[in-house]
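Student: Pulled these from TrEMBL:
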| type | residues | note |
| --- | --- | --- |
| COMPBIAS | 1-11 | compositional bias 'Basic and acidic residues' |
| COMPBIAS | 13-25 | compositional bias 'Low complexity' |
| REGION | 1-46 | region 'Disordered' |
| TRANSMEM | 224-247 | transmembrane segment |
| TRANSMEM | 259-280 | transmembrane segment |
| TRANSMEM | 292-314 | transmembrane segment |
| TRANSMEM | 409-429 | transmembrane segment |
| TRANSMEM | 436-456 | transmembrane segment |
| TRANSMEM | 533-553 | transmembrane segment |
Amino acid sequence: MASPAGDDKVRPVAAVSSVGVADSGSTKDEKLQASASDSDNREEVRQRILEQQAEIRNETRLTTNLSSLWKRDKSKKRLDEIATQPSVFDDPELAKYFQPSEKYENRHRFDPSFRWTWAEELPLVRRIDWKVTAWSCIAFFALDLDRSNLSQANTDNFLEDMGLDTNDYNYGNTVFRIAFLLAELPSQLISKKIGPDRWIPAQMILWSLVSAGQFWLKGRQSFLVCRALIGLLQGGFIPDVILYMSYFFKGTELPFRLALFWMANRLTDVVAPLLAYGLLRLRGYHGYEGWRWLFLLEGLLTLVIGIWSFFIMVPSPTQTKAPWRRDGWFTEHEEKILVNRILRDDPSKSDMHNRQAITPKLLWESLCDYDLWPIYAIGLTFGIPAGPPDQYLTLTLRQLGFDTFDSNLLSIPCQITTTINMLLLTYLSEKINQRAFLGVFVELWLLPCVIALATIPSGINKWASYALVTVLLSYPSPHPMQVGWCSRNSNTVRTRTVSAALYNITVQLQGIVNSNIYRRDDRPEYRRGNRQLVAIASMNIVIYLLAKGYYVWRNKRRDKLWDAMTVEQKQEYLETTTDKGSKRLDFRFAS
């Protein structure tokens, strides 16, 4: 939590201490007992304690997913030391609010008096990495392979063979993104109902069958139906996997694993052209085009991954036994370590049936939280200047005179450099604690490139054109930085997931815009479309600066109110306020 300058040490009397145990003052105990006497207030007390704990943990936890790749754990652990972290379960007055639900599947392993050492815990975490994190990376590879191989198919005359044009291609991408967007929330509801270990493999198998079925595409209608089905079946996959991973990792451990998860997505953009380089050479085999074999064989590959996922995924740390895995993953002692370390880190995870549920009320509250609107506005447009050139990269390379195989290979360098630049930008945002200005830097990277695309004369050397497109698409994506920005400015346990989902929805809407800027009547140089990209990049600079100005203004207003209060008034506010999340006077927005 960002605290106002000069008052970092001010804490509410009822707050949980920095080691997770409540302060022992009688005033706090009397307030908790009085609140407990009213059953309607019980959940409010419970949630307030959770929020206070989350604020304290946020002071030391990693705030963005990718920054954890280079941040080292500076605490040196002796393997024989007790690894059991203090928590609300150590205080009888607080513990009664956090007893695991009767429906919690790991309840039989919960023991607040249980203790273990680092020598026991660390090998368990490494084992989970091999069984859960490694699987998640492979699963993301399967997702991205089937949703993006249309780009490689384009290098093999896909549009011409199907009798399609640029507008049909744009329409197909739009249909996919709308379907993907519409399926996100329903997919999460299904996942919570039947379990990620069942729903995720089912998703993978179903979309793989549809992807492989593109081998038999006949025309525009079948093309659009397949794009819609793939979008519907893939929507929600990412939050479903994140939910699944949260069952096994603490809040401070999850960011690093998600960083690997998202990097797997970027690496797919490197591997996919290499696969296409070989598979498209099957053109003419049994009289079929190479792109048909590409869809079929890559769909079968991801189908195998989906079937394998049914056997590798487990419902929870205590439900790892199966007919093909009779001994399970862990012993009873190891299961107790896994369950208790997770609940000590976040007691709310014992309420599994409704944890992070996106209810209409929460969705409406998050939509009405106008302090997050600047980030949502950024999510709508920040990547548009690079979107159409990226979607049309392989087609552009073909139009420049490169053959099918060179076009796929030449798309790899910018994928590697943009990944590296993304990591560097995310690191820098944490290092200098700035986000909006770095967003402006990204747009200033893109702006001269799209200006050049809109103005360079026809017939320019193809290698010069390739160099220009490569520089443009090597831009440092601010997306992971902005995910962390949105999470930090939400500042509440209950709404952080909702705001992240809403931000992701705006990014998906951005993709729909991307798919409709380059039009058939503007080909092959797309001068009009590139002029539109110039205007949008210029507009984005203004949006970032307005967002920066808004958050600075909001912080200054709160500083003025907060600094005018006496220490006693501040203490009373912290004890009695009903303000939540980013509405609290002691909270400061990241900018």
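Keep in mind that glycine also has a Cβ here, set from the backbone N, Cα and C atoms.
Automated prediction, rather than curation, is the source of TrEMBL annotations.
Give me the lay of the land around each of these features.
Tutor: Within the chain, the transmembrane segment (409-429) has long-range Cβ neighbours (under 8 A, six or more residues past its boundaries) at 64, 66-67, 69-70, 151, 263, 266-267, 269-270, 273-274, 277, 393-394, 397, 402, 435, 438, 441-442, 466, 469-470, 473-481, 484.
Beyond its flanks by at least six residues, the transmembrane segment (436-456) meets 378, 382, 385-386, 389, 425, 428-429, 465, 468-469, 471-472, 475-478, 481-482, 526-527, 530-531, 533-534, 537-538, 540-541, 544-545, 547-548, 551, 591 of its own chain at Cβ-Cβ distances under 8 Å.
Counting only same-chain residues 6+ beyond the ends of the transmembrane segment (533-553), those with a CB under 8 A from a CB of the stretch are 374-375, 377-378, 381-382, 384-385, 388-389, 436-437, 439-440, 443-444, 446-447, 450-451, 453-454, 489, 517, 589-591.
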